Amino acid sequence: MSQSPKILYTLTDEAPALATYSLLPIVQAFTKSAGVQVETRDISLSGRIIANFPEFLTPEQRINDDLAELGQIATTPEANIVKLPNISASVPQLKSAIKELQSKGYALPDYPEEPKTEEEKSIKAKYDKIKGSAVNPVLREGNSDRRAPLAVKNYAKKHPHSMGKWSAESKSHVDSMSQGDFYGSEKSVTLPAATTVSIELIGNNGQKETLKSGLKLQEGEVIDASTLSVNELKSFLKKAKADAKAQGVLFSLHMKATMMKVSDPIIFGHAVKVFFAPVFEKHAATLESIGVDVNNGFGDLLANLEKLPAEKKAEILADIDACYVDSPDLAMVNSDKGITNLHVPSDVIIDASMPAMIRTSGQMWNKAGKLQDTKAVIPDRSYAGVYQAVIEFCKKNGAFDPATMGSVPNVGLMAQKAEEYGSHDKTFEIPFAGSVQVIDANGAVLISHEVEAGDIWRMCQTKDAPIQDWVKLAVTRARLSETPAVFWLDKNRAHDAELIKKVEKYLPNHDTQGLEIHIMSPIDATLFSCERIKEGKDTISVTGNVLRDYLTDLFPILEVGTSAKMLSIVPLMNGGGLFETGAGGSAPKHVEQFTQEGHLRWDSLGEFLALAVSLEHLGQTFDNPTALLLGETLDKATGRWLEEDKSPARVVGKLDNRGGHYYLAMYWAEELAKQTKDAGLAAKFAPIASAMASQEAKIVEEYNGSQGTPVDIGGYYRPDTAKASKAMCPSETFNSILAQLA
Ligand SMILES: NC(=O)C1=CN([C@@H]2O[C@H](COP(=O)(O)OP(=O)(O)OC[C@H]3O[C@@H](n4cnc5c(N)ncnc54)[C@H](OP(=O)(O)O)[C@@H]3O)[C@@H](O)[C@H]2O)C=CC1
Ligand SMILES: O=C(O)CCC(=O)C(=O)O
Ligand SMILES: [Mg+2]
């Protein structure tokens, strides 16, 4: 290949973005001196906003649309992208990012919640593309391979994280609808030939509305559609609320409102309205007049109350207080600040929130700041049973033991927006009763559902090539790791039944001799895997996209304390590599701690792991021995970093993210100095390694001494580069050693 070796490292948001200010200078200094280029691309929420509204900005303010560029690169064989977690913005996050940018002199338009003019409609459409899970589906041109590397697993066994005990008497449980949900209504079709479909709503009174047209589908593509009845949802939520009160457990809603950006905010909104029903009944007209939209959380109502005269506001607040008294207690996101589970949809994201609850004895925080048993409300049954099965397992067997437990790595189907991911352009809140029909180019109705006004209807697609690639990846991983693999597919679910046919068709294309491969329903697979991890055995989970998301937080959080420590590889279907860091989020809590007390507890281990495999991939693709050597030595350095326990501490005054990076740099330099494959590099890094080692006490003192006071980084969504960089690189001694590499 002709192009010069290049790694594209993404600039994102919150804690990982802060960590980058400290880590990237090290990475660039090391790679540059070995002739490997590491460039950055800005895919932060603020960067994506700026890039999409050039017409509102001065020429100096405009920036390239790096996400679009990376999306294109991801389809090429040269692609080598290190992707850190980024914000998938809820509407409140989007609005506050816009506000911050406006305050920094960017003349961006407000987010028009109820657009009236054509211009407002087009602005809203642009912002809606930036909202929610807008980055990952663009880059994920491959399926996913997520696992805890052996060194990480061994570290966790040696230094087991805290794990809440489980009692057989725990009242915690998952509560879901028993009918009228997506699970109960799913229909699925595999297309015998390519076609173009439209989605029509045909009203009971003869009206007709085209919900979507011109949707091109490929031969062999699986489509499925399902609907959730709003009436069933509301009566379920009402019952769940009463039951939480009767049982004396916390009420806690777990959704993925960021990723499922159309359906889940609507469900979230219904939950808020049912929970605070007396307030909504009594003040319906007032709340409507001030533009309250609780699909953005209960916080939206509270914020809008500011528009009312003091007296009216006080009346509504009193009614809210009365409602709290009559209701079960809500799980809290922040008890000190009175922020409940229903305040902001992006505060409780199911993939991280359910494992956190399971790790904490099945409990969540109540308003007194104490842990309490909890009803986890997950309205749709499609995957909720997995969490209930783990909860039952823990009630029966006690908590898992990180010192001895096995591992559940994941092979996840996600390429080309497979399954529920990205389904939001085919998700609709139904305006009038009738039937929704998916109609092909010949006028044949492929799928049809009866719906009422307010129901949610959604469709998603899974192309055949990604399925073939996923089956292959599963077999490859099972072979390489000599581990049983389980396809988590439920033959009684329409979509999964189609996938089972494909798995059975494509498995014989591979050598599976001697491999243990099963197909099990998600609940059976959960029990099978839990039994095995308890005995210290590993089991690969081979899943669709949503379970990929759920399981790659669930098992890592139980096994190694956080999904940040996962190796997360996306072998791109056209030959490139996307190396995601960790599997989890961007830890807003960590930024808060950093700005308040100068301690960043973000663990960049995921970045170290991703960079090592990215270098390895670069070395292999471009036949570049230096890149291979950099990768090998980085891996060794990371292993040593774990052994010597240089992970950031959680509390101020001790080693944090930045000090941890110093140790990684020192170990990396030592490994480079020690190796014998490239004498030039060894000679270059020997003095660096010894300078870093001899100044250890001083450097650590400079890092740790910088902690303990508030830090100003000049913004949340778009920090000031100079300020953030200064705050993240406080050791002059270390900086000057690094500068010798330039
Ligand atoms: N791939 C991606 O781009 C993803 C992005 N997100 C985005 O991240 C944000 C927050 O998501 P949420 O699901 O609440 O998860 P968080 O980022 O809040 O993570 C949950 C918890 O996991 C622990 N944790 C996560 N990463 C690290 C790390 N590197 N080092 C140490 N601890 C870590 C922290 O626990 P503790 O507090 O105990 O230290 C943290 O509070 C949202 O904006 C969401 O859109 C979410 C998932 C994936
Ligand atoms: O894209 C998102 O919003 C979340 C991604 C995520 O949680 C994951 O891939 O595990
Ligand atoms: Mg996830």
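The count begins at 1 with the first shown residue.
Including glycine, each Cβ sits where the backbone N, Cα and C put it.
For reference, TrEMBL has these:
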- Lys83, Leu84, Pro85, Asn86, Ile87, Ser88, Asn136, Gly585, Ser586, His590, Arg601, Trp602, Asp603, Arg650: NADP(+) binding site (BINDING)
- Ser133, Ala134, Val135, Asn136, Pro137, Val138, Leu139, Arg140: substrate binding site (BINDING)
- Arg146, Arg548: D-threo-isocitrate binding site (BINDING)
- Asp351, Asp549, Asp553: Mg(2+) binding site (BINDING)
- Lys256: site 'Critical for catalysis' (SITE)
- Tyr421: site 'Critical for catalysis' (SITE)
- request: Translate the DSSP assignment of Lys83 (NADP(+) binding site) into the three-state scheme.
  value: strand
- prompt: Which of Arg140, Lys256, Arg601 (the recorded positions) has the most other Cβ atoms within 10 Å?
  reply: Arg140
- request: Filter the candidate list Lys83, Ile87, Val138, Asp351, Asp549 of binding-site residues, keeping only entries whose CB is under 6 Å from an atom of ligand 3.
  value: Asp351, Asp549
- prompt: So around the Mg(2+) site, Asp351, Asp549, Asp553 aside, which residues have their CB within 8 A of the centroid of those CB atoms?
  reply: Ile349, Ile350, Ala352, Pro355, Arg548, Tyr550, Leu551, Thr552, Leu554, Ser563, Ala583, Gly584
Message: For Ala134 (substrate binding site), which of the listed binding-site residues (Pro85, Ile87, Asp351) have their CA atom within 10 A of its CA?
response: Ile87
Query: Which whole-number value in Å describes the distance between the Cα atoms of Val138 (substrate binding site) and Ile87 (NADP(+) binding site)?
result: 14
Query: Of Ile87, Arg548, Asp553, which binding-site residues come within 10 Å of Val135 (substrate binding site), going by C-alpha to C-alpha distance?
result: Ile87
- prompt: Three-state secondary structure of Val135 (substrate binding site) from DSSP?
  reply: coil
Message: Neighbour count, 10 Å Cβ-Cβ cut-off, for Arg548 (D-threo-isocitrate binding site): what number do you get?
response: 26
- line: Of Val138, Arg140, Asp549, Ser586, Asp603, the binding-site residues whose C-beta sits under 6 angstroms from any atom of ligand 1 are Ser586, Asp603
- prompt: Among Pro137, Val138, Arg140, the binding-site residues in the record, which have a C-beta under 6 A from ligand 2?
  reply: none
Message: Nearest of the recorded positions to Arg140 (substrate binding site) by CA-CA distance, picking from Ile87, Lys256, Asp553, Asp603?
response: Ile87
Message: Within 10 Å of Lys83 (NADP(+) binding site) (Cα to Cα), which of the recorded positions Pro137, Leu139, Lys256, Arg548, Asp549 do you find?
response: Leu139
